[in-house]
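As given in TrEMBL:
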REPEAT    56-97  repeat 'WD'
REPEAT    98-132  repeat 'WD'
REPEAT    140-183  repeat 'WD'
REPEAT    188-229  repeat 'WD'
REPEAT    396-440  repeat 'WD'
REPEAT    441-476  repeat 'WD'
REPEAT    494-527  repeat 'WD'
REPEAT    536-577  repeat 'WD'
REPEAT    578-619  repeat 'WD'
REPEAT    620-651  repeat 'WD'
DOMAIN    674-807  domain 'U3 small nucleolar RNA-associated protein 13 C-terminal'
COMPBIAS  850-867  compositional bias 'Basic residues'
DOMAIN    923-1056  domain 'U3 small nucleolar RNA-associated protein 13 C-terminal'
COMPBIAS  1064-1075  compositional bias 'Basic and acidic residues'
COMPBIAS  1096-1114  compositional bias 'Basic residues'
Amino acid sequence: MAPHSLKKNYKCSRSLKQFYSGGPFIVSSDGSFIACACGDAINIVDALDSSVKSTIEGESDTLTALALSPDDKLLFSAGHSRQIRVWDLETLKCIRTWKGHEGPVMGMAVHASGGLLATAGSDRKVLVWDVDGGFCTHYFKGHKGVVSSILFHPDADKNILISGSDDATVRVWDLLAKNTEKKCLAILDKHFSAVTSIALSEDGCTLLTAGRDKVVNVWDLHDYSCKTTVATYEVLEAVTPVSSGTPFASFVASLDKKSKKKKTPSQETHFITLGERGVVRIWKSEGSVCLYEQKSSDITVGSDDEESKRGFTAAAMLPSDRGLLCVTADQQFFIYSVVENVEESELVLSKRLVGYNEEISDMKFLGDEEQFLAVATNLEEVRVYDVATMSCSYVLAGHKEVVLSLDTCVSSSGNVLIVTGSKDKTVRLWNATSQSCIGVGTGHNGDILAVAFAKKSFNFFVSGSGDRTLKVWSLDGISEDSEEPTNLKTRSVVAAHDKDINSVAVARNDSLVCTGSEDRTASIWRLPDLVHVVTLKGHKRRIFSVEFSPVDQCVMTASGDKTVKIWAISDGSCLKTFEGHTSSVLRASFITDGTQFVSCGADGLLKLWNVNTSECIATYDQHEDKVWALAVGKKTEMVATGGGDAVINLWHDSTASDKEDEFRKEEETILRGQELENAVLDAEYTKAIRLAFELRRPHKVYELFAGLCKKRESDDQIVKALQGLEKEEFRLLFEYLREWNTKPNRCHIAQFVLYQTFNILPPTEIVQVKGIGELLEGLIPYSQRHFNRMDRFVRSSFLLDYTLGEMSVIDPETETETEYRKDKKMEEVKVIASVSAMEQDSEGIDQKTPSRKRKSQKSKDKSNKKRLVAEAQGNVWALAVGKKTEMVATGGGDAVINLWHDSTASDKEDEFRKEEETILRGQELENAVLDAEYTKAIRLAFELRRPHKVYELFAGLCKKRESDDQIVKALQGLEKEEFRLLFEYLREWNTKPNRCHIAQFVLYQTFNILPPTEIVQVKGIGELLEGLIPYSQRHFNRMDRFVRSSFLLDYTLGEMSVIYPETETEHRKDKKIEEEVIPSVSAMEQDSEGVDQKTPSRKRKSQKSKDKSNKKRHVAEAQGKVIAV
């Protein structure tokens, strides 16, 4: 036999989790799925294999009612929060919510049209809601107890609503009634206890009501009279009519033939009842005849006590021939179907869906093909699951207490046997083929915690108990086909340990048995007389599991001290110790012919180990609680785990498939890599970037982005590449950018790509990227550092540009001069155009007055130029001159008469006075400049209307330190008219390349001190700003080009290694060098003086030489810190 290859990996192929925790449920109209409550969530469960198709996460609200729309597209839910929610089953999102009753909603029903939702509340009210609008359309009150059931009439034309309550009444409501008193059509009060279920017959004419008073009332909806009362003698939880055209109808018809009662077909109604007894019964209303009753319940009824019985809690007839769905108190769904035999039809349990397994204590595979899995849970029964579908095939019930342990084998006759140990201190032997108990063993005085079959002969099994004894039970004489259980006999008994026995195992040749105990030891006993062989000591905590090696003379133990040990049987020495679990190891089992083993523990982990190398090959985390149970298939070596989280996981060996997948992926990677290289060669950068992301090659992604950034018109290609990325690839992109952003030689590309990403990706999509918060936290600090560095560089470039311009080292930009001339030319063109337009108007006037004397063309052109200003106000038609006073009067088309007098003498006097005052104010201005009173000087220059002097003063202040305050003070003292002059001066300076820097600086200070409300009040501000904006934009563009060129120069020199990247130093120390130069000079001067004071013996320099040395030192400190002197 060829040795097995070592397993490297297991995969969880199938999982059975809790999907129903009790409470409300609803079946789809086609019976394909079930929506049921699971804690705070809603699970959509496949009705065929109980797999969870989807889950709607709850909001910490215990559900009390569920309903489906007729087209199964909308799901309605309500809980203790009193909120009614509407869910879209395609998107699994809540599309509408509103507050319902004053208490929890106990029942829901949807109208056949799908537009109305009726709710029954614990506040004794019945409300009807508009589904689309979420508002209440009907309000019914009258019940004196909790309204527990509600039902719309199936005929959409009959707007009738029926409700049942704990007050033992059923009420029929009219949805079309306008009068409040006529809303309640009838009160049906034949019950004496709470009404639990209401149902309508197929024709809609008969109403069935069931209650806890153990009767079913049959009502005629024509006159609301009670046709009959059927006594069932059990508390009923569900009643449902039998629909025609179904297998149930045929089954009922065959039963009805056997009935001795006389038939009255027109009045017959057949229905099914379910209740506390846990049996299905079929009734005929005429004569109150029970046509069918199950012989025994398929439910494990808790006890004979009335208060603790567990039966059915709800039922629903599935469409077509799917059968009858019944819900049990222990969260199981039973589907009953009618099976037609040759002799007669019978009702059988066709499917059992287990919603909750509770804590799983043990499990084993069944049969030669290991297609079934026997599971012991925190119940008094054993559930057998089909491994393929994970549906419960059948249940073995018989124990009176919880089943704690089990083992399986295939007997010599081919029957599958199961032995179970229970908390009821008995062991039971089961024939899984016939699903019957064939033997019962008594004698233990404690919980039976472990059982194990013989591995070779299958004629005995052993059991270990909480009474510290080990027993060997004989199977000789046991009939495997017996219908009644036989009493099992013991071959031998031994007091094996000082504390409880947790685990037992039988050797492959049936010669030895090993026990593991709470006393931290394991013991080996020789069969059949249980002679002690050796005790295995070494564990520091109790032992949970023992198992013999299938090939070697050794035994493996798993302990609460977080270790697994392998011991030699011959002398009891510890051969190997395996450490790795973070909590108690609860189970361990050999695989791969004893060369490997798997273990599970209280940490919820499953581990795969190599025995020879003591290496943990793999760890799997699929449980949320302790893993108590571990089963390994002998042939398939499939692994099953179960634990305290009520989850069963099936694991299969994926070593071969993983190897094939790895080879396939490697081959595909090579092909995709070649495709990537071809795309780069063909300059298909968009395709190349996408391929680089798919192949997870960050370096290649950087190279492609860097290459595109160096090309023109690269933005479109980068945008196209980014637009084609998925959410996961965007997450990778942000990871790459975060990494590049930390490196000085890559941060430029990172910032550019980040800018493009934020441009194309809206914030709503950015926040959906997984882990975006952490990624952005890594990007922000370095981005801020890069920004600060660029900001300092930009400010330095402005200072350099201004200094060189003032020093006349460089000529003003020819481009600016040329553009200025072009603008002037455009202004002249506009003036000429306006003149020509006014000439046309003048010609029109001349044509209307033909009697006037026309001037020659030459004189007309001259007069037009002089008349432009006058014509802007209106045409002057009349002129009068006084002969003595020589006063002039004018009148024109604007209906205005103006009188003009000779002001030559007065103008001469005013001019002389102004000239004298101007000389005095000018002298005052010069004195203020000499006294460095710049604020006063600027104000005087504005008063004297000397723009050149204003410019000189502002330019002088800009060269001085702490000039901002003086400029601000001067500006704050200006009047509105002077601000208008200031804007005119700034407009003029802004057009000249050698003055635009001062203009921009003063304009900046003006906008800082002058609020917008005052700026708009400056006369002609609109026209002034229109003159400022174009040139300001031009200066900004020039500076922007210069800055971008400086960035490129910085990047280029860094790439050429001509200069050391500046950012590397800034990453270590983020300090402002400009602010450190002056303090460092003064600090070093103080240090120097301190040194001189401390060393009096040294020769002091003279003050003159000291000043010279300081001047030299300032230059050195500006370049870098002086480390040593």
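Placement of Cβ uses the backbone N, Cα and C atoms for every residue, glycine included.
What TrEMBL says about a protein is an automatic prediction, not a curated fact.
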The domain 'U3 small nucleolar RNA-associated protein 13 C-terminal' (674-807), counted residue by residue under DSSP: helix, strand, coil
108 helix, 0 strand, 26 coil
Confidence summary for the repeat 'WD' (536-577), mean pLDDT rounded
95
Using a Cβ cut-off under 8 Å, which residues of the same chain at least 6 positions beyond either end of the repeat 'WD' (140-183) come close to it?
106-113, 116, 118-122, 124-128, 189, 191-200, 204, 207, 209, 211, 213, 219, 221, 224
May I ask for the residues of the chain that lie six or more residues beyond the repeat 'WD' (188-229) and have a Cβ under 8 Å from a Cβ within it?
145, 148-151, 153-155, 158, 160, 162-172, 235-241, 243-244, 267, 269, 271, 273, 283, 285-286, 288
Using DSSP, what is the helix/strand/coil residue split across the repeat 'WD' (396-440)?
0 helix, 28 strand, 17 coil
